[in-house]
Amino acid sequence: MSNYHIKNLEEYFQVYRRSVRNPENFWEEIAEEHFLWRKKWNTVLSWDFTKPEVKWFEGAQLNITENCIDRHLVTRGEKTAILFEPNNPNEAAEHITYRDLYKRVNKLANVLKAKGIKKGDRVCIYLPMIPELAVSLLACARIGAIHSVVFAGFSSTALATRINDAECKMVITSDGSYRGSKMIDLKGIVDEALEECPCVENVLVVKRINSEINVVQGRDQWLQPLLDEASDECEAEIMNAEDPLFILYTSGSTGKPKGMLHTTAGYMVYTAYTFKNVFQYRENDVYWCTADIGWITGHSYIVYGPLANGATTVMFEGVPSYPDYSRFWQIVEKHKVNQFYTAPTAIRALAKEGLSHVESSDLSSLKILGTVGEPINEEAWHWYDDNIGKRKSPIVDTWWQTETGGIMITPIPFSTPTKPTYATLPFPGIQPALMDAEGSEIKGNQVEGRLCVKFPWPSMARTIWGNHERYRNTYFSTFENKYFTGDGALRDEVGYYRITGRVDDVIIVSGHNLGTAPIEDAINEHPAVAESAIVGFPHDIKGNALYGYVILKDTGESRNHENLRKEINQIITEQVGPIAKLDRIQFTQGLPKTRSGKIMRRILRKIASNDISNLGDTSTLLNPEVVQGIIDEVLV
Ligand code: WTA
């Protein structure tokens, strides 16, 4: 256990230096000491960022579920693995022990096998935050099937695109979901999606809200009766280190989402090691990450990282505002949560509701607070520190991405002095670089640039499913021999990093990454729309909100703009999902374009943010006159 827990800043620097001097050695030691291998590796790392190709622990064999479940049975069989807190506070919480989890995962794994799912097959999981969601991931991993979780807030069109891209043979869903006071008809959404998905042979349906569902004979089945019949022993499939574990989609600069592919051994080692250190998890702690398992944060830090450490991980089905805004804090008190990990957008929303919601709960169990998903503003950071952590629980502002698989830049609690809005220092093994526009690395401190990583780490995505060229282009072609994150960052006088935000066409709204292209594609489907452009503008709670500039077709008729706005948001809801709805829509005559025909979003962003005093150089535009027109439209 020598190097598993970092205890102070001096030790962090020692570990960090060692991790950079000899990364292979560093990761090999961690892999040796803390995991269960069926066979050890021949080579720790081979890599080439020009192809790009990265392989960790080649030759090794393992099953991640044996590491997340089986090996804990001897000492932690009766310990709670998953603590499920339902949407309705009056429904009892469920304590799923490691032994229960073992049985449930094996049963589902046997059901999947009986339905013909084999190693390498893709299974789409479209479920709310109920235990079956975590169990489904693990059941796939048990038999070597590749899971592709789609966040259950996505629309049927978005779901269909993802199912088809990965050619999933099966969908696991539920009759519906509870979200606060609402019920959502998930099975109905799946039915709609599957009209476009010939690859899907079977749909397994979890009963959650007891609603009537449409059963397509030969395709759909309730899951419970199948589980009742299944054996609770299922031998784990022996996987090679680089065998795929899962696909998870993220937005990109084109309409098509990118299916990031993560593999087995490196992902396991990195998520487990980061979990242990970033949250300083101790044996009897109760850890709660409020993310949805539909996002990478849930994959790595609700399921795999915590379970690989034998932790107790809370899964919350509901929303922070139901039955009222004190719900998060009531859960902290009820389950005596020690580590609490959430998103800045949730912190801002809760801060706005006032302290009475906080003060009614006993938060004294909390030891460590975390944030993830977007830059945290200073005000929200202090509110969190003062009122939730009571200035005694360090805040870990963790920067990372779907593509990185695990936390990359973060304080180590009680070791790294925190600084509001700073993710601070790279995690051991991570070698960040800031790059200038010419492609050179900017050395030294008090500098700002584009954030890259110079050396591979175990949990990086290996490719985009079905499109390796796009993977190379997106991440490895902007800067030679470096992974480009798409984020801007600055490094302060002591070498701390602060992430300043995306420098590409991705906008982060309430912590969700949204590509501009799929939203624009949706808007352009409205028969009255000729062209559109989306930008982000600052929003008190969501961080960013969406602003759409829309050019209407010239039909000679006058249109009711309010109705059009509603129709446009309706199309976006159907095509992408409600999270992508526009806060503002401006109907305009033209869009500023470069001479090569690209929309100049920089200018649109400034106008949307009400920052028109310094629009920069507009003379290179193809049509500089439209800029004043757009400003005039806002002013009237
Ligand atoms: C942003 C979420 C500032 C960033 C794990 C990144 C952050 C994108 C932080 C990835 C942070 C994430 N501070 N920005 N602590 N964490 N981001 O793929 O722009 O959903 O590129 O992964 O979120 O979002 P994703």
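Glycine is treated like the rest: Cβ placed from N, Cα and C.
So that you can see what the record holds, here are the features copied from TrEMBL:
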| type | residues | note |
| --- | --- | --- |
| DOMAIN | 12-68 | domain 'Acetyl-coenzyme A synthetase N-terminal' |
| DOMAIN | 73-462 | domain 'AMP-dependent synthetase/ligase' |
| DOMAIN | 519-598 | domain 'AMP-binding enzyme C-terminal' |
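Shown for the domain 'Acetyl-coenzyme A synthetase N-terminal' (12-68): DSSP residue counts in helix, strand and coil, namely 27 helix, 15 strand, 15 coil. Under DSSP, the residues of the domain 'AMP-binding enzyme C-terminal' (519-598) split into helix, strand and coil as follows: 24 helix, 27 strand, 29 coil.
Summed and averaged per residue, pLDDT over the domain 'AMP-binding enzyme C-terminal' (519-598) gives 92.
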